[in-house]
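Per TrEMBL, the feature region 'Disordered' maps to 436-468, 686-854, 884-920, 1046-1067. For 436-459, 764-779, the entry in TrEMBL reads compositional bias 'Acidic residues'. Per TrEMBL, the feature domain 'NFACT RNA-binding' maps to 545-658. Taken from TrEMBL, the feature compositional bias 'Basic and acidic residues' covers 718-738, 747-763, 787-805, 884-900, 911-920. Marked as compositional bias 'Low complexity' by TrEMBL: 812-823. Per TrEMBL, the feature compositional bias 'Polar residues' maps to 824-840. Residues or ranges marked as compositional bias 'Basic residues' by TrEMBL: 842-854, 901-910. The annotation compositional bias 'Gly residues' is assigned in TrEMBL to 1048-1057.
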Amino acid sequence: MKQRFSSLDVKVIAHELQQCLVSLRLSNIYDLSSKILLLKFAKPDNKKQLVVDTGFRTHLTEFGRTTAAAPSAFVARLRKCLKTRRLTSVSQVGTDRILEFTFSDGQYRLFLEFFASGNIILTDAELNILALSRNVAENEGGQESQRVGLKYSLENRQNYEGIPDLTKERVRTGLEKAAERTKAASAVAKKGKPKTGAELRKGLASFISETPPVLIEYTLLANGFEMATPISEILANESIFDELFKSLEEARKTVENITSGDKCKGYIFAKYRAAPSGDSAEASDRSNLLYEDFHPFLPQKLASDPEIKVLEYPDYNQTVDEFFSSLEGQKLESRLSDREATAKRRMEMAKQEQAKRIEDLQEAQASNFRKAEAIETNVQRVQEAMDAVNGLIAQGMDWVDISKLVEREKKKQNPVAAIIKTPLKLDENVITLSLAEEDFEEEEDEDPFETDDEDDEDGAPEKNKPAASVKAIEVDINLSLSPWSNAREYYEERRTYAVKEEKTQASSGKALKNTEAKIQDDLRKGLKQEKALLQPIRKMMWFEKFIWFISSDGYLVLGGKDATQNDMLYKRYLRKGDIYCHADLHGASSVIVKNNPKTPDAPIPPQTLSQAGSLSVCTSNAWDSKAGMGAWWVNADQVSKSAPTGEFLPQGSFMIRGTKNFLPPTQLLMGLGFVFRISEESKAKHVKHRLNGVDDGDASAGASRKKTDTEAAALEHPVVEPRSVEDDASDMGDKTADESDNGEEADEKRDNPLQEAGSKREEDKEDDDEDVDAAEEGVQDLQIGADKQEAEESKDEGRDDKEVSSPEDAATPSVPETSETPTQASGQQQAGNKSKQPQQPVRKRGQKAKAKKIAAKYKYQDEEDRLAAEALIGAKAGQEKAQAEAKAKAEREAEIAFQRERRRAQHRKTQKETAEHEELRKVMMEEGVELLDDDEAQKATSLDELVGTPLPGDEILEVIPVCAPWGALGRYKYKAKLQPGSTKKGKAVKEILERIKFESGKKGAVDPQGKDSDKMWPREVELLKGIKAEEVVNSIPVGKVRVMLPGATGGGKGGGNAKAKKRGGKK
């Protein structure tokens, strides 16, 4: 079985890693074992995991592996140097089995050696060793010394300077040298039968290092070349030599063709564990295969072998990953099954031991009963034997003589001596007697209604009665007691054993449970020490990077985790017909409800709006303060990213135009559930409840209403006035009064009691058109100076720096009511600038005469004299210092001006992009066009594949954790309630997962057939056990929680009670 890479494997892997890993950043490094590392590379929407087994292999993996709890010293050093650095190249060093990873354009270089004991070496740009997995002593395996501080040598690596050309002279020279070595070795070596083809194989491998020997051998066999041909005969025969040379050229071209494309095909060669039958499904079952070898080419010899199954893969990384991961999985599965088998054996031994103890007690009871019955049956013989022995003892006869006397009497056929067994136990005052007991073997059951009179009338002879078989039993008789007293002693012992048996049986159930619990606890601890079975890495769905859940009505609800995701949701996913939901609380997430794109005018159900508002409130500071408040929602066309003139919206903030629809306060109650993804074939079994709650009449009414609003907007082109928070509050009051007066009309105009009709908003907009038009005309006539613009820029930048740290507070920023405020500020600033203009200084009295005297004194002083005089009095140093300060000040001002201009250009670019996006979005809203990028279209996933409770016969593919308002998890099979508390998310998640594992281990909790929906199914348990706690923690958007589970800790509630009891005890 192949265990490590060849030079060709290293070449192919380097070629593929160069294509798929370059430009990715190294996010982290982990220990899998003492010699296996896991490197995680990532960039947005592209994550890769690289396994490095020191000295054996390296490849990308699609299986999740358990990492060490803490990094080793070597891994910590690698993290310090390489973490977050970009990978710039992956290459093979010459044709040697060494891979080189270059980070940050050669600033760091990582070398992976796959020969001898292997090594991982980190160097700087000058090849100075910074860290390595193991130190290498000088001349160890023919290598140079390697330790931290030394230089890593590349000159002596195989073909580092370049691969030599394949010529006939080179082949001939190499074969001649190989023939000489073979001749010298055969003269020294012992006589033995050499392996067929070994001489030629070794000879070619000695001078052709760029092509693997295995590829050369398979190429020669494919061309019909006889491997057993001696080297001397090849050199002597020119035709054989030409044939060999052509095969070598073909092998070299094969290597070049393998790495010609972006990906290289891989082949795994496996043997059958058991001979397959004619069924093709059985023949393709991989559980019946034993992997033997893998190559990037397909040898004809192996392909034509009927005992070998060839598995083809599209790329070589997948081939190697499947080969070695299968071996890892088999080893892990074997260790886990061994532990489970050991636990079962211990349990069986405990049961057998308990059963044997009860069986021994029952046998003791039966034995004592038989002995007592035998004594009562042979009372006369027992008494005679006791009298005889007691009489001899009373006469003073020696105990040895008594034994001899008994033996002599036995020979004389004395019936009393015949029942006495020797040696006698006279030191214990006990003798052993062999007494007969009767055992009736009934041939047929007796009639319970038969009487003695009937027997007499029938005159049945005595010989027809059941025959009694005489058996002998040895009984110890106490000489100091009578026969009846001895029988009573045996009855007492029988009664004692019966009581013991009753107690043992009563406590055996409890003892078995305790033993089983201890064995299960030991097994659980042992399984924790073992690594989990390899599970394929689940590919994240496009919406899992956000806060998400599926409402009880089947709508997808998305929320942003930060300001960046808020902007992403608005720009990429907020479309016509969607709902934007938010809460006026610090930290509240921006939530959108995705409507069905086929019916965008259909209203969103009130329950879905309530759940979306609950999510926004729970993600705010209200969760920690435990104070529930209400959220609000608006339509997608009411949300805008364009700010009024002179205003700037920070990242994650939006402008809301129109009236907000407030929702009633909801409970701070979340839930953690697990949703299952099923196959396409299984979707047909589920009831399509998603988006089916809208009637055709409602949809048509919404469409007609939207059409009317669009026509009105197109005809009159209303301009929406920017609104402040005060205006919104006043509008809320007006809206409440209007709704109280005209409640019946409002009910007629809208289909959803929580969703406002669009026509009312349009009427409110039309009422303010004239004032807004007049204000905009006034703004267009204003001429604002450059100084005013700079002041506004600096003002915007200051606000940006202040609000970006918590963009959630500025979700609905205040906007000036009119555009007159900038005009007034501009006039004041211009007046201030006029007052700040420099004026000619007024000279004091006498300064003019003093200046005339100085001019007369230095009238004939030239520039050279002036410089000499300043040098004498030391005025030049101060002047140079002043010039340097002025130069530095000018440079600072130039830098400030450059940064200001750069920020101004950046703001203009951002505003331009925002304006273009808003214009495109406006067209999309009006026309109802759905524009999706290619990536978004490919990522679109049908929500029908996600079910909370699978049905019997469903093919379950994956399990996905989801955190949502508790009301949205009503149809979920596995869920846990979360409330604000003091337990950290990680601890709460581990408690939930451990509870699921514990429940699955109970007797009868799992339905092996997978048909009872009230019980766990094996596939569900398998997927739930494979979930990592870190994956679940990332899906919980709230802070500290309290888990509400039957028998759960309840977020530390028990700790407080324990402390109270402790204090009470001290009193």
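Placement of Cβ uses the backbone N, Cα and C atoms for every residue, glycine included.
Predicted automatically and left uncurated, TrEMBL annotations should be read as such.
Owing to the predicted nature of the structure, the values given are computational and were not obtained by experimental measurement.
Same-chain neighbours of the compositional bias 'Basic and acidic residues' (911-920): 571, 640-642, 931, counting only residues six or more beyond its ends whose CB sits under 8 Å from a CB of the stretch.
Look at the compositional bias 'Basic residues' (901-910): DSSP puts its residues at 10 helix, 0 strand, 0 coil. Model confidence over the domain 'NFACT RNA-binding' (545-658) stands at 89, taken as the mean pLDDT rounded to a whole number. Remark: secondary structure over the compositional bias 'Basic and acidic residues' (911-920) totals 10 helix, 0 strand, 0 coil, with classes taken from DSSP.
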